[in-house]
Amino acid sequence: MSRILSTRVWRAVSRLHLASSAHFTPVTTSHAPSSQKRWMASEPQRHEFQAETKNLMDIVAKSLYSHSEVFVRELISNASDALEKRRYAELKGDVAEGPSEIRITTDKEKRMITFEDTGIGMNREDLVKFLGTIAKSGSKDFIENNKENAEAVIGQFGVGFYSAFMVADSVVVTTRKVGSKSEEGLQWTWNGDNSYEIAETDGLPTGTRIEIRLKVGDSATYSEEDRIKEVINKYSYFVSSPILVNGERVNNLNAIWTMQAREVNKEMHETFFKQLVKTQGKQEMFSRPQYTIHFQTDTPVSLRSVIYIPQSQFNQLNFMAQQTMCGLSLYARRVLIKPDAQELIPNYLRFVIGVVDSEDIPLNLSREMLQNNPVLRKLRKIITDKILGSLQSEMKKDPVKYSEFFKNYSIYFKEGVVTEQDQTIKEDVAKLLLFESSSKKANELTSLGDYVKRMQEGQNQIYYMYANNRQLAESSPYYEVIKSQNKEVLFLYDPADEVVFLGLGQFAMKQLVPVEKWAQEEAEKNGSDDKKDTKDFRDNEKKELLDWMKETLGSVRVAEISGNHRPSEHPVMVTVLDMGAARHFLRTGEIKDMEHLVYFKPHVHVNLTHPLVKAMYKMRKTDKETAAILAEQIYDNALITAGLIKDTSRMVGRLNKLLTSLAGNKGTSTILTP
């Protein structure tokens, strides 16, 4: 346990503030299990915890960890660090090779749990060095100034060893450094009070041993074998060294994220994936990975990662259930730091499942509270870029497979475009979106990137149109206008797509323009230059008709009205200031039906060449009532085409009146004959 008796335990013990000149004499513990060798020890030297150390310990015990079980993780992590240091010393030839394992022993009857490793251990020089650290660090003043801010204090130190104090009545640490010339070791004892004892002792094996007598109550459950195995499976399953609980090894699966991608086959990934989803309780949701992202990097930070995108059928309940869940687990040197590492990816990528392991991760006093600093921001950017880039590559490599994937995951990417603040990232996410296009066959999807590649020379806008389906889109008066100029249009069938495009604004420096807006601009541009002969309507007749329609429909429904002689199947087309926003307000119920017309100021474009318009002009002189009903019906038909009306029930009575008029002699010839 190099960190227990190195950068962790004895760095933690350094908080004890013992003078570096103190002389240590041995002690024998009365609570050692009977199986333990009774080492010869001289009289112990007792020391009182200083006030700042007491404060720190109080923070550890009361404010640091949200779950007491993490003390198991902390002590295993320390043991793993010590074993790594020993391996390094062996590689340099400084010490002889020896066994490398972590042994945990439980004794339910005595409420005892023991952690033992064959790691590097500590000698007197190491111990004195670490004990003097706090005296030189100004920590007393720091703790005093931050006593109301536990997290600030926690951010200063790494005292995972002291997590054991949450569950312990007493703690005994014995250690002897590998390569020491004698069998002399050190023993540190705490019996739950405000003092501790340090002694020299003989006959110790190399490595470190921690004996914990557990408190009565919930803490006593950690003396049960099954409970300890449960905690190890959760936090420390992938520690590289063997972990033995009462002689049985409990960690058998390799940490494949530390291996080279070429060394891991499909079967290994599937086995590992199943272990991850089981740990996260998602085995009922996902069976196998659809895409695997296995990568490593050493710059700008050290990172080893395996990320899976599960093969899944989209389920609205799953989507809602995952709103606050993240499938990435954060590790440091194979030890689980946080199973729900939301800090590592944006929320819209929460569907991924995997492991991120970095030696550069900055930790607080507890591994549970990550500091918000540049290293974490770098990790987040690397991981996000890698996921988005990998999916873009998959789209190009196998468009058919990606299209199937997109059906189940499109909602996450749409969420990403809307919620991201950075335009560059918005566009990176938008590259993953797929749509039908007027230049493609039905059900054939294309991306924004491919659309840009096909744009006409000099075109600087991307045109899109929302409709419930392709048939409605292609029969729309707005599409009718743009189709005549042979411009490609993206068809959006999901109401969320309009919100996405409104949020995106532009892509690849090309403005996203709804077809309705383009059609309005075209109509206004061509209306003033209308040179078509006036056999349908003379100027005074045109003005007379348009004034009558505006008066009949009312100023709320008609803010502006104009006529044109453009051939069209539609008698009337309605445009508003922002069609997409208007439809969104209607869908969300933020505005009542028809109230939106007050805010969006409809512009009614009347097709003067259409037979219904001609017949209505004549009818208003002979049957004003029927003509008014026809004008309202034509207008509402245009609102339906634009998606700007929710309640169509009022049309029923009006249509019945029109049909009654047609069934009788009243106005029949007028309606049917322009």
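FYI, residue positions are counted from 1 along the chain as it appears here.
Heads up, the Cβ atoms here are built off N, Cα and C, so glycines get one too.
Over in TrEMBL, the protein carries these features:
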BINDING   GLU74, ASN78, ASP117, MET122, 136-138, 156-161, THR208, ARG367  ATP binding site
DOMAIN    67-218  domain 'Histidine kinase/HSP90-like ATPase'
Fill in the blank from the handout: Between the binding-site residues GLU74, ASP117, the one whose Cβ has the fewest other Cβ atoms within 10 Å is GLU74
Handout entry: Other CB atoms within 10 A, centred on PHE161 (ATP binding site)
Key = 25
Fill in the blank from the handout: Model confidence for the domain 'Histidine kinase/HSP90-like ATPase' (67-218), as mean pLDDT, reads 77
